[in-house]
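Below you'll find the structure, written out as structure tokens, and then a few comments.
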Amino acid sequence: MAESEDLSNSSSNSSSREDMHFFEGVEKLLEIWFEPSTACKNADLRKIPRPMWDALLKTVRCEIISFTRNDQIDAYVLSESSMFVSKRRWILKTCGTTTPLQCFEPLLRLAAEIAGYTEIEDLFYSRKNYKRPELQVSPHRGFDEEVAFLDSFFDDGRAYSLGAINRDCWHLYTLSRGGGGSKILKRNNHLHQLMEQHHSQQLQQQQQEDDDVQQLDAQLIEASMQPDPDQTIEILMTDLDPTVMAIFTKDVCTTAKEATQKSGIHRLLPGMVIDDYLFDPCGYSMNGISKNGCYMTIHITPEREFSYVSFESNVASSDYGELIKRVTRTFQPGKFIVTVFANKTSIAANANREIEHLGTIDQWKRRDIQYSRFASYDLTYAQYCKYPS
């Protein structure tokens, strides 16, 4: 992303341009999965209308500038990164001095009142360390503050930092699914109070059904809760090649399509329907979606002093090494971080073993690797530097 955005009215970005010519490319990534309910069988986050998304994103300090959709997923390019909405998964990824956690309560209300969801199944909040943390605003001034904010909602939250905390590192907040198996709304008074009215209405409707129908519904829900394959790969790149970054300026390319083609982004995951945007005077964002529900998103801050590129996708692969090579060859970073989340049913479940054997990827040498096992997902973190360095 660029610090100059012709469709954004963010006062914080304007201040950054005038005072210090700096833009924080590092994104804050919030992903929430809502739990299916027997009382609302047609629950769907895509029922939430566009004006309500517009209002919600104002609390985040960003706005929608482009939109694409298919039968599986709605994809929004934002003035600061992206939002993806599917049936029961919501993803918000925002850069700069945006405040994505501020929209958490409004989102829960929309999920209950419009979409039909009253319980959260899982949550992931993550980000790389900021380049200029002192420019962030509450509740994002530090990871401790972000954790405290989320802990005010969840009894079962867990916070982690991977990598060297005095250098490049990556922070994660997620939920612990290991304690007793009770529903999250029953564990958490704050969330329970927030949605209590809608949850009670649904329970009353459910109690009116025949016992046999209730039993059948419960069996169907239990079967549907067997985890579908799920995975996410992120590649977070810094110290990028200035020649490559020049492509994402209006001095070199006049349109987003030209930048997409000239850089080779369209070849990273062939078959994606691409929605791209080139900011003025520089910066680039794109979303790609496929018919099977897979997505990819790329955001680029090209200025030499604080260059940053992020790549993210939920495409399934048993060999992410080839994808990592394509991405890093395209952008030529000096350093990059890779994170891979995969659940037990994903073909990417052995990503940790694969990346463990990738000590060198082309001209990049691995400097750090860590592996974490959660109740539902395994996480692999690795950091690479161009050598010699």
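Yeah, the Cβs are placed from backbone N, Cα and C, and that goes for glycine too.
In this view, PHE23 (substrate binding site) is surrounded by 28 other Cβ atoms within 10 Å of its Cβ, with every protein chain counted. Annotation comment: TrEMBL describes PHE23, GLU80, PHE279, GLU303 as substrate binding site.
Around the Cβ of SER81 (pyruvic acid (Ser)), 27 further Cβ atoms fall within 10 Å across all displayed protein chains. Marked as pyruvic acid (Ser) by TrEMBL: SER81.
Sequence annotations record features per position, and here TrEMBL assigns active site, schiff-base intermediate with substrate to SER81.
Within 10 Å of the Cβ of CYS95 (active site, proton donor) there are 27 other Cβ atoms, across all protein chains. According to TrEMBL, the active site, proton donor annotation covers CYS95.
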Maximum Cα-Cα separation (Å), residues PHE23, GLU80, PHE279, GLU303 listed as binding substrate: 16
Length of the line joining the Cα atoms of PHE279 (substrate binding site) and SER81 (pyruvic acid (Ser)), in Å: 12
Minimum Cα separation from SER81 (pyruvic acid (Ser)), reported as the residue among recorded positions PHE23, CYS95, GLU303 that achieves it: CYS95
Most crowded position, judged by CB atoms within 10 A, among GLU80, GLU303 as binding-site residues: GLU80
Pairwise CA distance, GLU80 (substrate binding site) versus CYS95 (active site, proton donor), rounded so that it is a whole Å: 5
Euclidean distance between Cα atoms of PHE23 (substrate binding site) and CYS95 (active site, proton donor), Å: 9
